[in-house]
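Chemist: Below are the features I grabbed from TrEMBL:
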COMPBIAS  246-256  compositional bias 'Low complexity'
DOMAIN    24-82  domain 'Chitin-binding type-2'
DOMAIN    93-153  domain 'Chitin-binding type-2'
DOMAIN    158-226  domain 'Chitin-binding type-2'
REGION    226-280  region 'Disordered'
SIGNAL    1-21  signal peptide
Amino acid sequence: MTNLFYGLFFATVLFASRTYGDPLEKCQARNHSYAIGDTGFCDKYYDCGSNGKLIEKDCDDGFVFSLEITKCDYPHNVNCTERPELQPSKSTNEQCPRMNGFYAFPASESCQKFYHCLEGSAYEKTCPEGIIFDDTKGACVHPDMAGRKDCSASKVLDFICPNAEKRFSKLRFGDHDRHAHPSDCRKFYVCTRDGQPRIGGCPIGKVFNPKTGVCDQPKRVPNCKDYYGKKAAPKTEGDDVEEVNNDGSDSEASNSESDDENKTDSKQSPPSNHKSKTVG
């Protein structure tokens, strides 16, 4: 019976700590403090102390409050549908709509570039080739996975899949096909079942073989035999022919072509809150 009581007690506390509502009505003295989200503003919340005192708190500009992790987080990690209001921006930098966050360049300038704003300072970042920034996800993604109409996959990659007119047709590799890049033997295009292109790449030492659709030794691809110079490319351990992943992007190639400094860290801990006041 005792275990049942404590189980119900903690379940009630957890429910209360994750409920949006009138903070003055919901704040009750308990043996620990808990957070209550504001009913209208997504970047505001309240700490209900163990003594029943309510303290209003604001997230740093650019962050919003998440009851899932009970702290402020980036907007792309939080659902603010029921609390759409935000407090006025404190940023004076035209490149940073708010003091903190990730913001894409206008499509007319670049689909790959974005600003990482920290305390009002803008740091320019660039996604790897063939990948664009999606600020709704706070990440660099394939163009067809982003909701940016002016940054379509065919426009960004300057390539139209042969199967674009015959969507959902049978493809060589089940859910996709692969096609050679016109000017770089190491790169290739992945065409998804719905006719959307993505960029792919072979590991260093290999080139793309358009006949087999896999990464191969340069000597086996006549037009690419001298891609790494007259000296034969070093042999790698294992099979002579290396398959690429189903999504078309070889993991080793992807890592070698991306810049770690340009990757967003959407899960990093935001700065501490900058303002608080007692309201009850």
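Yeah, the Cβs are placed from backbone N, Cα and C, and that goes for glycine too.
Automatic prediction, not curation, is the source of TrEMBL annotations.
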Chemist: Give the residue counts of the domain 'Chitin-binding type-2' (158-226) per reduced DSSP state, in the order helix, strand, coil.
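Modeler: Residue counts for the domain 'Chitin-binding type-2' (158-226) by secondary structure: 10 helix, 24 strand, 35 coil.
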Chemist: In the domain 'Chitin-binding type-2' (93-153), how many residues does DSSP assign to helix, to strand and to coil?
Modeler: 7 helix, 22 strand, 32 coil
